[in-house]
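A.B. asks: Before anything else, here's the structure in question.
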Amino acid sequence: MKCYNPSAFVPMAVTLVTVVIYLGVFIPLLIIHETVPSAPDDPTLYNGLNLTEAWLDLQSLSDGYHPFNSRKNDDVRNWLLKRIDEILDHNQIQYTTENETADTSDVQLESDFDKDVPESMSGPNNFNDDSVEYHEDLRTRKVSPAVTVFNDLRSNYSSNALTSIGVKGRRLGISTYFEGNNIICYVRGNDDEEGEWWKTGSVNSKGKMHGRGGVMVNAHFDSVSTGFGATDDGVGVVTALQLIRYFTTPENRPQKGFVALFNNGEEDGLYGAKAFLSHPMAKFVHTFLNLEGAGAGGRATLFRSTDTEVTRAYAHAKHPFGTVVSSDGFSSGFVRSETDYVVFRAEGYRGLDVAFWQPRSQYHTDQDDAKHTSIDSLWHMLSASVATTRSLTRDTSNTFVGPRSDDKIGKVSNGKGSDGVWFDIFGTVFAVFRLRTLFAWSLTLLIASPLILFAVSYLLNRQEKFYFFAGSIKSKNPEDEPISLGGWRGAFRFPITLFITSAITFACASLINKINPMIIYSSPYAVWSMSATLFFSVFWFIMAGCNFVRPSALQRGYAFMWMFVFGWILLVVATVYEDRFKISGGYLFVFYEAAIFLATLIAICEQFALPRKSTYIEDSQNDHSDNQDHHHQAVMGTDGANGADEPNADDEAAEEDQEETVNATAFPHETTPLIGGGQPSHRASVSTSFANRYRQVVPESYDGPADHDDKKGHKKHPYGGEQEWSAKLPIWTWLVQYLLVGPFILVILGQVGLFLVAALHQTGTDGSPLFLPYLIVAIFSILLLLPVTPFIHRLTHHMPTFFFLVFIGTLIYNLVAFPFSPNNRYKAYFQQTVDLDTGVNRVTLVGIEQYIRNIITNIPSAAGQSINCEANPRIRSGLSFCSYEGIPPQVVDNVVEGVPPEKGYSDWLSFNVSRVPNENKATFHISGVETRACILRFDDPFSEFKVHGGAKSEERWDDVPDSGSDQIKLWHRDWNKEWVVDVEWAVGEDMKPGDEGRSGRVVCLWSDANKRGVIPALDEAQRFSPQWTSVVKLMDGLVEGSKRRVGELVRVGGWKKGRRDDFSLALGLAFLLAYV
């Protein structure tokens, strides 16, 4: 019975270790990636939190679409104010409310709001619990109440944003005026100033600091017009509510002040967060935690962080999750979407961005509801938020106080932060350290590792034990032929195989991208399996084939050397990016190269066990002489006992056997056959094709090559025809090398690979490059399988055979399968535009043309129409805009039964424009019905604008960029309110002020789709589109209604004037005709 040494470098042991390592790493990784830690069975396990209450709040909050431009948004806002009151009353906290309006500030000393909140959104619990102990210290502080709630109806925002990055040429801006209606809840900390300090001094006072600064948690309570907003951002909102409950519980009283910001208007342009910056409380905030949702459930990940110190607060979470690679994606411009985090970071706050991130197919759709998330996901974000904010509010050091590192005037004085590196391990351990530390490690590794390898190689060479790159050596006897050591055998196998295999892997990814590019949308694991099994199978076939033809004991060592060289080059690039661009994701290559360096060092150091080359040559010559003598004796030996002078048949057979023995044990030289000669092979069967090569007799108890003779004096032979001196190599060092380059490296690489693919595999419907996720899968498949490549030639044939069959199956599936399903729905972007002058309406569906045309064929109102599709990179690059005439909208309730809706279009929007004499300036009066969002769109850029009654422009932003703007977005906090806007444009060459005007359109937006029949074209698209499709909003408004009139006699840049001007014009024309 054979007994294998588990540490011997033989196929059975290598195969077993490979299976154990890869399964032991990837089974936990996949479980963590696909599941969420369970919520505690006791919903009140943590004092001050109530998970059941939070879940009921989420269900109430996500009971309908509530975009900023909808009546439901007001219901949600009033519900939030009521819930804050109920929480504070439940904790019996003395608090005040400040109803801040544009003109006055009314302060109430108790919560006595009587808001119109729908019954369905009433609070889930009765908070008048007599069992709650009354805490006098919190209710009656010296001067000030413990909590202040700001009902902010005063803060406004005015600025600009440049148009799409994908547009070539000079980019124009989109100017914006926004009236905010945020809710701010301030919980006073023990170290905070007493009194209403926020009322002292100017809002824009420079460098003013109150106490030791505050900690803010931000969440937006508006949703998109086609999503219920459960995770975007309902979970964040109810988490902030629970944090108010937590910090107003006496045992959890914060040392530093805590601010909960419920901002409104994030989905349309981060407007709520920008409006907050003009509020007095903005100067109090030093650190923040932004809660977001870019998926629908799963784990909440740490998207990004401003610095190392604030990230250490997140490390206190029980189940941390995230990697700095995601932060690098944003900072490098690779990810172009943004959250409120970018607003607060630009203001100088130090903080974190925590968000849900998958599945993206449910993001902004009607599946972003409580049914498609879970209480476990809610708990994951809530528990991480509590741990983070508790750490920040208890930090009384100077970490977040003091002069800034950038010395920028006007920013909060919140200390000096350092760029950081962070990542989790199995969702349990969180590593955080400074980027400068990583840079020091990188630089040290770049310099020290090659020097150490060269130094050890030099010592080996001095001792005549460096067998790498060793050729033929002449013996002391000049008559003897040079003896080959075989040191170059296998030197270039690894790079050639890696190049060929990688090229085939990328070619396969390109093939899928060409034939069925969206398959990764619903089947990312099929693509992973295809890519990984292809690389593994091809790599094994080439390396095992080379080893079959010319076995080499140095193949493993050469593989590590090449891996070290390639890794060193990548580390150079990573180090440059760390230093120049502050990119921290290079930690992957630092750990990778460190592990490969140690494995390479072992591969070199194990040659200390080999004999000196000169000694080996002498021993080989002696063995050769002994073998010749033995052979001579076997042939010429006496047969006196038999008295026979002639050899018989048995003697001839014995002679042949002896000759074979001599030939088998003779040292190989130039005349040795390439295949079939050499020493007895002890290699197990690698494959059916190679079976004969390894069917050689070995002792039953053989457990691999040894580095010396066994106890019985039997000489140990090299493995499978490898160089004879390799019999002296240790048999266990491969296992140490495998453990170095295997488990830990696979964990950090596997987590990042799974994270990136999960984040990007469903972005193709957004217009992102379709090949990108396939490229990432191919790259990480290679990186994840590189640790096994130095040992791959010792694997049995069973693994590559099985993997090749898996590759064939997944390849066929990826080529022919339909890429979408009800669980992974394709996103079609919807918008309906109406010309309010002519009554013409067009429905536009945006996406990949192949699938959009498929969807439109199922829509009844589009039947028989010619569908026109064209690109519009200014709005969404990479997608097609396909339009048809749709069912007229009824967003304004002025439709008379039996009368076509378009007859009432003219009443939806009215405007008047007056020209300032002798100036390039005009004043617009705009009114929309059942909307609080309108837009002025110009055909040519303007240089300045001002909204009457608006707040003073912030110095931190320009209302209009240097390139000029061609749009002004106007957002009211009130309904059906008129805008009065002054617009001014530059004087052209050879022109005088007042000689030229501007043409364009006045547009108003409608976004409330809660009631069926209001936007029947949207209802129809959602009802009749295939089950693998979801219809989501394209722009700020689901419906855009616009007016335009060009008349040269009353021209102010082509704008339609009011009715009085139209009447005057008509009267003048009538007199002119009568005269003629």
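Keep in mind that glycine also has a Cβ here, set from the backbone N, Cα and C atoms.
What Swiss-Prot records for 1-11, 459-491, 547-556, 606-738, 793-799 is topological domain 'Cytoplasmic'. Look at Swiss-Prot and you will find 12-32, 438-458, 492-512, 526-546, 557-577, 585-605, 739-759, 772-792, 800-820 tagged as transmembrane segment, backed by sequence analysis. The annotation topological domain 'Vacuolar' is assigned in Swiss-Prot to 33-437, 513-525, 578-584, 760-771, 821-1076. Feature annotation from Swiss-Prot assigns N-linked glycosylation site to Asn50, Asn99, Asn156, Asn912; the stated evidence is sequence analysis. What Swiss-Prot records for His220, Asp232, Glu292 is Zn(2+) 1 binding site, and it gives similarity to another entry as the kind of evidence. The Zn(2+) 2 binding site annotation in Swiss-Prot covers Asp232, Glu267, His364 and is backed by similarity to another entry. According to Swiss-Prot, the active site, proton acceptor annotation covers Glu266. Per Swiss-Prot, the feature site 'Transition state stabilizer' maps to Tyr363. Sequence annotations record features per position, and here Swiss-Prot assigns compositional bias 'Basic and acidic residues' to 621-632. Sequence annotations record features per position, and here Swiss-Prot assigns compositional bias 'Acidic residues' to 647-660.
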A.B. asks: I want the residues beyond Asp232, Glu267, His364 whose C-beta is within 8 angstroms of the mean position of the Zn(2+) 2 site's C-beta atoms, in chain order.
C.D. replies: Ser223, Val224, Gly227, Gly229, Asp233, Gly293, Tyr363, Asp368
A.B. asks: I'd like to know which of these recorded positions, Asp232, Glu266, Glu267, is least surrounded, judged by other CB atoms within 10 A.
C.D. replies: Glu267
A.B. asks: At the level of the C-alpha atoms, what whole-angstrom distance separates Glu267 (Zn(2+) 2 binding site) and His220 (Zn(2+) 1 binding site)?
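C.D. replies: Answer for this pair: 8 Å between alpha carbons.
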A.B. asks: Does the transmembrane segment (12-32) come close to the transmembrane segment (492-512), meaning at least 3 CB pairs under 8 Å for residues 6 or more apart?
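C.D. replies: These two segments do not touch.
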A.B. asks: Are the transmembrane segment (739-759) and the transmembrane segment (438-458) close enough to be called in contact, which here means at least 3 C-beta pairs under 8 A that are separated by 6 or more residues?
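C.D. replies: The transmembrane segment (438-458) and the transmembrane segment (739-759): touching, no.
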A.B. asks: Take the Cβ of His364 (Zn(2+) 2 binding site) and count every other Cβ within 10 Å, whichever protein chain it belongs to.
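C.D. replies: Its Cβ shell of radius 10 Å holds 24 other Cβ atoms.
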A.B. asks: Quick one: which residues besides His220, Asp232, Glu292 have a Cβ within 8 Å of the Zn(2+) 1 site's Cβ centroid, in sequence order?
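C.D. replies: Along the chain, the qualifying residues are Ala219, Gly229, Thr231, Asp233, Gly236, Glu266, Glu267, Leu291, Gly293, Ala294, Thr339, Asp340, Ala355.
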A.B. asks: So what sits near Asn156 (N-linked glycosylation site) in its own chain, CB-to-CB under 8 Å and at least six residues off in sequence?
C.D. replies: Tyr177, Phe178, Glu179, Gly180, Ala275, Ser278, Gly950, Ala951
A.B. asks: Taking only the Cα atoms, work out how far Asn912 (N-linked glycosylation site) lies from Glu266 (active site, proton acceptor), in Å, as a whole number.
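C.D. replies: Computed Cα spacing between Asn912 (N-linked glycosylation site) and Glu266 (active site, proton acceptor) is 30 Å.
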A.B. asks: Can you give me the same-chain residues 6 or more apart in sequence from Glu292 (Zn(2+) 1 binding site) with a CB-CB distance under 8 Å?
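C.D. replies: Long-range Cβ contacts: Ala219, Asp232, Asp233, Gly236, Phe303, Thr339, Asp340, Tyr341, Asp353, Val354, Ala355, Phe356.
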A.B. asks: Would you list the DSSP helix, strand and coil counts for the residues of the topological domain 'Vacuolar' (578-584)?
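C.D. replies: Residue counts for the topological domain 'Vacuolar' (578-584) by secondary structure: 3 helix, 0 strand, 4 coil.
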A.B. asks: Would you count the other C-beta atoms found within 10 angstroms of the C-beta of Tyr363 (site 'Transition state stabilizer') for me?
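C.D. replies: Taking all protein chains shown, Tyr363 (site 'Transition state stabilizer') has 24 Cβ neighbours within 10 Å.
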A.B. asks: Could you state the CA-to-CA distance between His364 (Zn(2+) 2 binding site) and Asn99 (N-linked glycosylation site) to the nearest Å?
C.D. replies: 32
A.B. asks: Name, in the order they occur in the sequence, the residues of the same chain whose CB lies under 8 A from the CB of His220 (Zn(2+) 1 binding site) and which sit 6 or more residues away.
C.D. replies: Asp233, Gly236, Val237, Phe262, Asn263, Asn264, Gly265, Glu266, Glu267, Gly272, Ala273, Asp340
A.B. asks: May I ask for the distance between Tyr363 (site 'Transition state stabilizer') and Asn99 (N-linked glycosylation site), taken between their Cα atoms and rounded to an integer number of Å?
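C.D. replies: Roughly 34 Å, rounded to the nearest whole number.
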